[in-house]
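Here is the structure we will look at.
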């Protein structure tokens, strides 16, 4: 019986030995509960009855303490398997530290080009970086972050198993749904509509995702000035960073052939707030526009003509939302600084996209082309039909394309005609078979409880023909360039981080935009992504190891941590020796 390790039904280790050791490890290497001060206590038991038998263990199992203890969940087993796979993958790629065998090297793998090409271009097939990727290089430990980037698939799977990550996603989603309920309503309508009409939506996933992002961004930003409550969430933006010098690109170019050395940086802004510039009150319907019988184009023309007046009284604040597991802001300054920089990038991008509408139009097209999309290809007609049925502003706007009329955007109007055609004539068949009336979601007014209205496919029969101007991504890029020009001119120099615990916004940090700080950070991050420098691990102090490494997946295999902790131990011994010798003199 002595020397055996027993596991009770709750997964706790029980050591039936004559001496009870209350330090962090038992003699055979298995972990047991530590005492508060991590001392070792030997409790001699000469009585053989002190050895636990099966009956004793059964009694322990039935103690009240164990009644509230859950057995190990299956997800923990899955998490452990994924972690083992990730560590093996990183070790295989980075290799062992030649100076410290069995521990992972802390320099980039030789024979590979650089993280941007290794991870983004070759592994993920994405010719772009994200704001998050630039900001997370230094927010914690750069070494850990790049280990994770190089094992991205496994790292993401592990993250998705973590409760706090799931909780954070739910909070972001609930805020988006509260501000923009039309998204879920559209998805529900589309699902039912396709089932009833037996239509299919054959559209490439990348095209579908980009189209949804562009459509929603236009709609939400227009709504910010009309019927919205002064808020818009989950808005896409992008900019460029130079591959050679690591500088953010300040001036847009019209041709992708001139920007090959520039890498796209994409981002999604959590929250925009339209407020009065003088009293900081949130502005609802600041443009005072009646949207009935209006179109995107009419509203944008009105906003552009009144931009000077709008700018004199209003501003838009960019916010980033951070979720917390406790109602406290992060105690580590680098984490807060990373969030600030993330918001500064968004501010820079909106400034970049509000310089000139023609250049912004081409910038969005370059973005689409870098994703491998054909900007001249007609968009799936079924997708467009669902937009027409659910969004009157869009439906009224695309009549210009139907009849071959200009949309009052010079770059698009000179660029729109092509050899491709856009034909919705096949939808005439819907009028002779199956249902023709459907309930579609509508924007709710404060004095109305109606969330849907009935529409008839027959009311949209004029669209079911060959259009004179093809509906392509170029149309959406044109409308994006107009609304981003408007919003970019209103963006405030005051930026904000919003901290949420559950659904409670318990703290905000407001801070100024800092061009110099942003430029320095962009260059330093670009250098590591594009191979200009190696990874920078954390400064090797015991405080840092206790703070940064405590929950790191790589803490047991990290050579940087292991080697420097041993140095600190040796240093401690040397200091102790020096003190002892000096005291004896």
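Glycine residues also receive a Cβ, built from the backbone N, Cα and C atoms like all the rest.
What Swiss-Prot lists as transit peptide is 1-26, and the listing cites sequence analysis.
Under a cutoff of 8 A between CB atoms, and with a sequence separation of 6+ in the same chain, the neighbours of residue 552 ([4Fe-4S] cluster binding site) are 141, 144, 558. According to its DSSP assignment, residue 552 ([4Fe-4S] cluster binding site) is coil. As annotated by Swiss-Prot, [4Fe-4S] cluster binding site applies to 141, 549, 552, 558.
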Cβ packing number for residue 141 ([4Fe-4S] cluster binding site), 10 Å threshold: 24
Least buried by Cβ count (within 10 Å) of the binding-site residues 549, 558: 549
141, 549, 552, 558 excluded, remaining Cβ within 8 Å of their centroid ([4Fe-4S] cluster): 143, 144, 538, 545, 548, 554, 555, 560, 561
